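Since the structure comes first, as structure tokens, the remarks are kept for the end.
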Amino acid sequence: MSKVRVYEYAKEHQVSSKKVIEALKDLGIEVANHMSTINENALRQLDNAVDGTNKKAEAPKKETTSNENGNSKGPNKPNMTNSNEKSNKPNKPAGQANKPATANKSQGAKPATNKPANTSNQTQSSGTQQQAGGQKRNNSNRPGGGNSNRPGGNNRPNRGGNFNNKGRNTKKKGKLNHSTVPPTPPKPKELPEKIVFSESLTVAELAKKLYREPSELIKKLFMLGVVATINQSLDKDAIELICDDYGVQVEEEIKVDVTDLDVYFENELNEAVDESKLVERPPVVTIMGHVDHGKTTLLDSLRNTKVTLGEAGGITQHIGAYQLEIHDKKITFLDTPGHAAFTAMRARGAQITDITILVVAADDGVMPQTIEAINHAKAAGMPIIVAVNKIDKPQANPDRVMQELTEYELVPEAWGGDTIFAPISAKFGEGLENLLDMILLVSEVEELKANPDRRAIGSVIEAELDKGRGPVATLLVQDGTLNIGDPIVVGNTFGRVRAMVNDLGRRVKKVGPSTPVEITGLNDVPQAGDRFVVFEDEKTARNIGETRASRALVAQRSATNRVSLDNLFEHMKAGEMKEVNVIIKADVQGSVEALAASLRKIDVEGVNVKIIHTAVGAINESDITLAAASNAIVIGFNVRPTAQAREAAENESVDIRLHRVIYKAIDEIEAAMKGMLDPEFQEKIIGQAQVRQTINVSKVGTIAGCYVTDGKITRDSGVRIIRDGIVVFEGEIATLKRFKDDAKEVAKGYECGITVQNFNDIKEDDVIEAYVMEEIERK
């Protein structure tokens, strides 16, 4: 037999290690602790002591069964004392057995019945109870008989007896023996009718939802061909397999990321609500048009204020939001500072306006910004009402305006179209009532409704940092009601609404749908076009705002994946595009029309070219803004982009393609749509110089005295001569000098002399653009 540790022996006999150590000490065997080992001799002595104790416990049980008086404590005395071992007085212990308390009567027999295996040793004893008792005394006193005559010696064997079943710890021992009886398995709970989960569940989580043991689910999964552990995540298919086996329905919950305000905003805006809670809301109207055609004067006449007089040059300096009340109905007007801000809002996905009023001067007709406004409104998908202004002037010709607008698919109702035309005089107030009636008519057709009983959502019209009040934002509530004290997230900022001021400069406590209001209380300045959402508590708003701010900091407002000719074929293959948006700028109107007509004929695999804007002149920043909002490609024919436009295109990742031959532009776009573009040389603009003075020298030609305004001019670079935004010549530099010395390059801020090969028609204020060709490979 191998050595056994104390704690192992105690565990095997279901007693504490302390009692085993005490029993070994009674046998004269010293052990240090529960980790000590018991050798074979000591183990044999300990087993004999245990066997003897078990026999002592069994003897009272046998006598109890034959005792008619039911006195179960009679034979217990031989186990309690070992000093009195006379064989001629077998009945004396029985007489002394009546002294102990009767509380141990039922506990004395229980341990004996719990150790049936130990009773097998009694077959070797004699047939009488006295002989059995004598055997017990001999077994228990043999290891330590020398200690039987000292004081307190009677308790020594009794301590050994306590090691098994007797004494004051019998109750505790009884509890230990009771725990060995296998408990009745609990009745399993009824299966639920349906469980709801999002994304995935672990085996343990699914077992908890089904009120089943994880091991049961693991077995079922194994039988279904899925090997999984208790902490392994299960996909939707595995969850459905298990639940189908149990007959439980499964529902997947789609969680909306509240930090993604755009998605959350759309879900909240399109949330199904009780029709009885919806009320009619005022329409939001944007006034657009060419410079000095009377946009602000119109709004001024409607509000009976003199806003125009306080503005420099009659140009609106900030975004104004005003609300008017006509015939007991309200209309919200937005006055935009040009179309850039409007386009920027649309580029961020903020569809805040319902109706567009296009102001056209009757004496001026359709102008370039008028066309831009039409393209913006059409791209946003808004209904257009044309206000023909300045009809009071003698040279006014409204019919000419209508005729010109038909070219842009704005056909008057009087001519069989669906566009409302309203002749007005903003200065004298003529026709304004009719215009307002038309606005209310269109809004009634659109069925504009909102729920004022919900938490507010909307968009930012403008924002600024005020020295006295801190971050200030002008908001347009699109749905719900905004109250003072509401926790709010605005774009990447957050806070609590501290104060609200309406368009009349009065403090208000709450505002409803389609109402503009200026608020304070944000931690930072948001951007125009940002969404705002009111949340239930400030803690949630703070967490969402901080999360969005940290994400924005990491992303650094990374540019979206704009469409370019390089990746056009990939977008088409992925099925992301049904049409290619193109903006065309050229030197003359004839080139614009020819190029647009040729591009419209291109059709590759059902994808065609859509011309969203055409104009004559250099590519400007407004073109880039429109291209960024519409995900369009800009094509320039015999024109160049301005420095601001080039910088904006780089920031917005807008693709600009410049050509001097029409068929090359057409071939390039068609090849891109077919995915057949080969590696090519890319042009890199390295600098620009302005011609300050020209000197004609015989045998040399015209020397241009230039000042480098951007980048640098190098001796081996190609150059273009640009006059009024139009390329007049393209060639190479013949000489580049500085202070009569040849120079390899001249940097920004320095003057130089330049002659161009085969070109002497250089004039003052011309721009010399230097470029180099770099070989690139299409991605």
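Backbone N, Cα and C define each Cβ position, glycine as well.
The feature region 'Disordered' is assigned by Swiss-Prot to 44-193. Positions annotated as compositional bias 'Basic and acidic residues' by Swiss-Prot: 53-65. Residues annotated as compositional bias 'Polar residues' in Swiss-Prot: 66-81. The compositional bias 'Low complexity' annotation in Swiss-Prot covers 82-93, 117-167. What Swiss-Prot lists as domain 'tr-type G' is 280-449. Residues or ranges marked as region 'G1' in Swiss-Prot: 289-296. Look at Swiss-Prot and you will find 314-318 tagged as region 'G2'. Per Swiss-Prot, the feature region 'G3' maps to 335-338; the stated evidence is similarity to another entry. Positions annotated as region 'G4' by Swiss-Prot: 389-392.
Remote same-chain residues near the region 'G4' (389-392) are listed as 293-294, 297-298, 359-364, 398, 423-428, 430-431 (criterion: CB distance under 8 Å, separation of at least six residues from the stretch ends). Taking DSSP states H, G and I as helix and E and B as strand, the region 'G4' (389-392) has 0 helix, 1 strand, 3 coil.
Across the region 'G2' (314-318), the prediction's mean pLDDT works out to 40.
Taking H, G and I as helix, E and B as strand and the rest as coil, DSSP gives the region 'G1' (289-296) the counts 2 helix, 1 strand, 5 coil.
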